[in-house]
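Per TrEMBL, these features apply:
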type	residues	note
ACT_SITE	TYR65	active site, proton donor
BINDING	HIS128	substrate binding site
DOMAIN	29-301	domain 'NADP-dependent oxidoreductase'
SITE	LYS95	site 'Lowers pKa of active site Tyr'
Amino acid sequence: MDGCLEASLSPLSIPEYVLGCSGRRMPLLGFGTAASPPVGSQLTKTAILQAIELGYRHFDTASLYGTEQPLGEAILEAIAVGLIKSRDELFITSKLWCSDAHGELVLPALRRSLKNLRLEYLDLYLIHWPVSSKPGIYEFPIKQEDFLAMDFKAVWKAMEDCQRLGLTKSIGVSNFSCKKLGDILAFAKIPPAVNQVELNPLWQQKKLREFCKANGILLTAYAPLGAQGTIWGSNRVLECELLKEIAKQKGKTVAQICLRWAYEQGISILVKSFNKDRMKSNLEIFNWSLSQEDVKKINDIPQSRLCSGQDYISKYGPFNTTQELWDGEI
Ligand code: NAP
């Protein structure tokens, strides 16, 4: 990898990774803003302000989530009340939605996201899913007949242009398999800096982790706790007996065990909680470690995806099955 892991000066000392392409420091534990069901702008803004106060500096949003606007407002307020001095202290990620994943629509979509966020630049802009849909239609779930195969070359070139224009410091992808990453790497002038995917003790992504490491791509975990309570996740991670046992022995929560384990895998992590106590305890993972024995036990947990990507499967294509979506990595 180009970057390096470093202790940071942020209040709770969240270690950071320096993205080689931009030199920007990405805090390795970030704050997710996708609530399911959505909770509205005011609650989202309040949660983000609390998170900034507690020491989170990395925020993950997407045009799909409807959280760009409250995040933008929270950033302005955080500066106004002195929680941070400037936007430059934050690392902000947003994502390109499927209906904008067409060469000529990428730049306008990024400009819209920046307007929502009231920012001049993003730190990281990601292709949300490796599939396109009919332009001009913003709905989720996407109708089966609206899916289209993505023109990877045209979309990636437009992403590169966004970075060249300085509107985003880095670019990357999300929900890409090793095969699809390989396809992008084959023609990319600027390689993806990040691949954001589901990763937790029940879906450890060993193959993808190795592929990303070998190719200098930082893997970022979403649903590190299994996204309990959301429409895309389940309680299987937080209810896992082995994780409960390890948590009990160490006097930690199951969530802390999951986050610490992910951190020890040399990846970055996004975790979402809009509850102040849970936000705080999710940060408390950097001054202790798991034993080798615990790590081995976790690594031996039988594997299965929680977030199957079923919403991106269509009988009209381009992906008729989850096998095709993930290129057999299931
Ligand atoms: P997650 O962080 O694994 O789980 C979030 C859920 O766990 C929420 O219901 C939260 O509820 C609960 N929770 C948080 N901390 C807890 C704790 N200490 N103990 C018990 N429950 C806890 O899943 P996620 O939200 O799916 O993933 C994180 C972020 O990744 C998202 O918010 C989003 O920004 C991003 N993401 C990206 C994609 C993609 O396709 N690229 C997909 C999914 C997510 P409370 O809020 O009530 O605490």
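Positions of Cβ are set from backbone N, Cα and C atoms, glycine also.
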Report summary line: Quick note, LYS95 (site 'Lowers pKa of active site Tyr') and TYR65 (active site, proton donor): C-alpha atoms separated, nearest Å, by 10
Report summary line: Listed in sequence order, the residues of the same chain lying six or more positions from the residue listed as 'substrate binding site' whose CB sits under 8 Å from its CB are ALA62, LEU64, LYS95, LEU96, TRP97, CYS98, ALA101, SER174, ASN175
Report summary line: Note: among recorded positions TYR65, LYS95, least Cβ-dense neighbourhood at 10 Å is TYR65
Requested in this report: Check the residue listed as 'active site, proton donor' against DSSP and tell me helix, strand or coil, would you?
Outcome: helix
